[in-house]
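What TrEMBL lists as transmembrane segment is 5-22, 28-47, 68-85, 105-124, 136-155, 161-179, 200-220, 240-260, 281-305, 311-336, 343-363, 401-419 (among others).
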Amino acid sequence: MGPFIGALISFITIPVTTYYIYPAEYGKASMFLLFQTIVGTFLFLGIDQAYTREYHDVRDKTNLLQNAMLLPITLALLVLLATLLFPQPLSQLLFGNRNDTLPTILFGVMTLFMVLERFLMLYVRMQEKAFEYSMLTIMVKTAVLILTLIFIFFIRRDFLTVVYATVFGQILGDVWLFWRYRELLKLKGFTIDHALLKTLVRFGLPIVIATSLSSFLGGLDRLALRLWSDFDQIGIFSATLKIAAVLSVVQTGFTSFWVPTAYRWYSENRPDTYFKIVSDTILLVMSLLAAGIFLFKSAIIYILSDNYSGAQYLIGFLCLQPLIYTVSETTCLGIVFSKKSYLNIWVGISALIPAIILDILLVPPLGAAGAAISTAVAFLFFFGVRTFFSEKYWIKFSVAKHYMVFFVLLVGAFLNLFAFPGITLVNSALLLLIITIQHSTVRRLWTIWKQHRQSEEEHQ
């Protein structure tokens, strides 16, 4: 529940921010947050994932946590040192000028807090304290929202509003977390366990390659805009991504349910049709949500403000990313079940190459629209290669319907790049076409529902 409420609070923060901050300023803030994500991916070295793997096998939980934090914290301190020694060139990289040194230094401070928070939150999760984990997530999001309101209405209305609200909101939430688990941060009796560190790093390094590729793929569009466009385009693009993140909430909810269910079905040798039905169903749900976004895209102006009106033309392409990724979670199970996780590296590379090529070709002339097209096409490659590898080591069921739906949505996204009379009629036709393509899925779900109702009535 925590992630969903946190996502809702984040969604509320979007119009609060965009109504008072111009796209160019929002673009600068977005680069700050993007680099935080990318740097964080490298800093953890995959050790955060290795920590959860070793948690149940190690008796001394505190020593495990402290050893796991050692290398990431050391790297975070180096990042902080770099922001203190070279604030001006880093400010130029992040914000396009050399004078914003304070937020640059805060980048280093937040990086350190981010590492500590990540491992303590993992500890809470591994302790199975779901309610506390949710409350901590909500606390940080709420603090960011409140500070955003304070800065906007009483202090300033530029990119520093987002930066300061994010940094200090994070710190406020983390201070309570650090106090709550202060015993875990005490170094008395701490010893470096070289064997444990070696185990953590050995497991983590292959993961960091895959996660770094994924993180780079997710941020490449904005990096391309930073190189070949301007902050105004980055701001509009980033705000549109926030709206498209509504589909990511569905993605998170589905994945948390689906992964353990898929493992259980696999261990029980359930028929292939079980997996096929789930794949077809999530395709239907996500494609209908995307088609609904196409139909009501003009409402984005009311959410973001007139300054971000260009967002309504980008949303079609940007909502394809969470859609395709979510559906691919049902077609990639062969990689998971065969335990050939290294294949994810090749999946990432296969998506990254077309993304780079298309960004080079499309971003200079088209700006945010070019970046949106590149991202959508890259994730089609992501789906195709992920599904291909899965089929080599597991069942092979038809995904022709998936590609047909993706093609229709891609054409629809292209048409929605333009403003012309009758676009609502076109989007309505796209919705009907999507339903028609998936009529067999609708029919099958209707049959399953009727059988379920009949079974319930017989047991009453």
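Including glycine, each Cβ sits where the backbone N, Cα and C put it.
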Cβ pairs under 8 Å between the transmembrane segment (136-155) and the transmembrane segment (5-22), at least three: yes
Long-range Cβ neighbours of the transmembrane segment (401-419) (under 8 Å; 6 or more residues past either end): 279-280, 283, 287, 290-291, 294, 297, 312-317, 320, 323-324, 327, 331, 369, 372-373, 376-377, 380, 383, 426-427, 430, 433-434, 437-438, 440-441
Interface present between the transmembrane segment (5-22) and the transmembrane segment (240-260) (three or more C-beta pairs under 8 A): yes
For the transmembrane segment (200-220): best-contacting stretch of 28-47, 105-124, 281-305, by Cβ pairs under 8 Å: 28-47
Stretch-level contact, the transmembrane segment (281-305) and the transmembrane segment (5-22), CB cutoff 8 A, at least 3 pairs: yes
Region pair the transmembrane segment (28-47) / the transmembrane segment (105-124), three or more CB pairs under 8 Å: yes
Positions on the same chain near the transmembrane segment (5-22), where near means CB under 8 A and six or more residues out: 29, 134, 137-138, 140-142, 144-145, 148-149, 152, 157-159, 161-162, 232, 235, 239, 242-243, 245-246, 248-249, 252, 303-305, 307-308
